[in-house]
Amino acid sequence: MKLLSRAGSFSRFYSLKVAPKVKTSAAPGGVPLQPQDLEFTKLPNGLVIASLENYAPLSRIGLFVKAGSRYEDSNNLGTSHLLRLASSLTTKGASSFKITRGIEAVGGKLSVTATRENMAYTVEGIRSDIEILMEFLLNVTTAPEFRRWEVAALRSQLKIDKAVAFQNSQTRIIENLHDVAYKNALANPLYCPDYRMGKITSEELHYFVQNHFTSARMALVGLGVSHSVLKQVAEQFLNMRGGLGLAGAKAKYRGGEIREQNGDNLVHAAIVAESAAIGNAEANAFSVLQHLLGAGPHIKRGNNTTSLLSQSVAKGSHQPFDVSAFNASYSDSGLFGIYTISQAAAAGEVINAAYNQVKAVAQGNLSSADVQAAKNKLKAGYLMSVETSEGFLSEIGSQALAAGSYMPPSTVLQQIDSVADADVVKAAKKFVSGKKSMAASGNLGHTPFLDEL
């Protein structure tokens with residue numbers, strides 16, 4: 001997920017009515033204010049509003065939109081990437097300079113994040129200044145101008161953004177993996193293809209926003225904000241584009257492999273099969289399986305030697321390596337498998353040892369104690385992910401877009417506990433028997449092909 005931060009703001013919301021003043025709550029007579037329960041509202045136009053008044057000194061508001069790269073097509077690839085970088089361009093209510101200078105003046109922050117499914121525009125700052133930040137959020141998301149010369153000026157930034165991201169070999173592998181695993185939708189890249197650099201027009205940006213930034217595809221989420229204020233803002237200013245927008249295609253899994261021979265001494269390889277869509281019991285089983293095999297070190301600078309995958313590979317290779325289970329769930333599909341990093345000469349033995357460990361689990365070679373430990377790791381990881389306001393806001397927004405509702409952590413933990421040992425074995429069997437996808441890069445002379453596993 002790419003995070004881009006901008007500083008900026010403006011004074012009034014262009015030609016529309018002034019946004020309501022956000023009042024800071026105060027405790028009468030020194031009585032401490034208690035955090036409120038999460039409030040959830042779905043408007044008739046489909047827009048979801050969720051808020052939690054925690055009386056924190058900082059407020060955070062996020063507008064989540066079903067406008068990730070999966071909603072692009074072959075003619076407008078890279079549009080969502082450029083859109084992430086265009087958050088501080090001139091709008092109908094403020095120039096680019098005014099946006100940047102305004103939020104900087106109040107110590108605020110704008111972040112734009114994106115996945116293959118969604119985009120999220122988030123502002124945060126001192127709660128007494130949330131009116132300014134909220135107005136800016138509304139202006140950026142509902143009234144962009146996308147002036148041609150400003151869009152053209154983003155070309156160099158687009159190149160740099162992609163180049164920096166692709167310095168990480170894992171980013172390139174995950175991009176290639178989705179490209180080879182799917183025929184459409186989820187195959188679309190998070191980063192603009194090179195041949196599209198400088199060719200995305202302001203008209204394409206306007207078309208994408210008009211057809212995807214609609215009320216029924218949005219969720220407005222706030223922390224440290226009154227629900228009534230958030231609802232009033234949504235009803236007044238986020239009702240400009242009705243309807244469902246353009247329907248996205250269902251992801252079609254295909255399988256295959258892509259090998260990038262570049263001579264690097266370290267070989268990165270990911271091998272996956274189609275798993276399960278997010279939000280169902282099977283997806284929970286794959287998550288438990290991921291933590292059973294090893295989801296990465298849980299100790300800072302640790303070597304993850306306690307995971308089943310690491311133990312298995314260590315028996316078959318004396319070279320340095322890193323191995324973990326890979327798990328990604330989307331609204332209509334998912335990928336599960338293994339990710340290895342190894343010396344080029346040892347790539348074959350590392351990959352085969354890791355793959356054989358998953359096969360062993362598929363054959364029922366696991367204990368109830370191991371499954372319970374995996375559940376505990378999964379639950380701890382989930383709770384820690386929603387412990388911060390940033391993680392909590394993201395979780396609420398993602399659930400609101402996916403299901404139109406919110407599932408509290410207690411319910412999530414219950415669902416994890418309900419996963420049986422047999423469910424984990426079944427998930428492992430699905431991976432072993434499923435059609436595989438593979439992406440690899442490095443000096444691949446000793447890296448096996450899919451049909452050699």
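A Cβ is built for glycine as well, from the same backbone N, Cα and C atoms used for every other residue.
Per Swiss-Prot, the feature transit peptide maps to 1-14.
Look at Swiss-Prot and you will find Lys66 (among others) tagged as N6-acetyllysine, backed by a large-scale study or a structure entry. Following the DSSP three-state reduction, the secondary structure of Lys66 (N6-acetyllysine) is coil. Taking the Cβ of Lys66 (N6-acetyllysine) as centre and 10 Å as the limit, one finds 22 other Cβ atoms among all the protein chains shown.
Sequence annotations record features per position, and here Swiss-Prot assigns N6-acetyllysine to Lys199 (among others). Reduced to three states, the DSSP call for Lys199 (N6-acetyllysine) is coil. Spatially close to Lys199 (N6-acetyllysine) yet at least six residues away along the chain is no residue at all, judged by Cβ distances under 8 angstroms.
Look at Swiss-Prot and you will find Lys250 (among others) tagged as N6-acetyllysine. Proximity of Lys250 (N6-acetyllysine) to non-local residues of its own chain (separation of 6 or more, Cβ distance below 8 Å) is seen for Ala185, Asp332, given in sequence order.
The phosphoserine annotation in Swiss-Prot covers Ser368. Remark: Ser368 (phosphoserine) has Asp421 as non-local neighbours, by Cβ distance under 8 Å and separation of at least 6 in sequence. Annotation note: Ser368 (phosphoserine) sits in a helical segment as assigned by DSSP.
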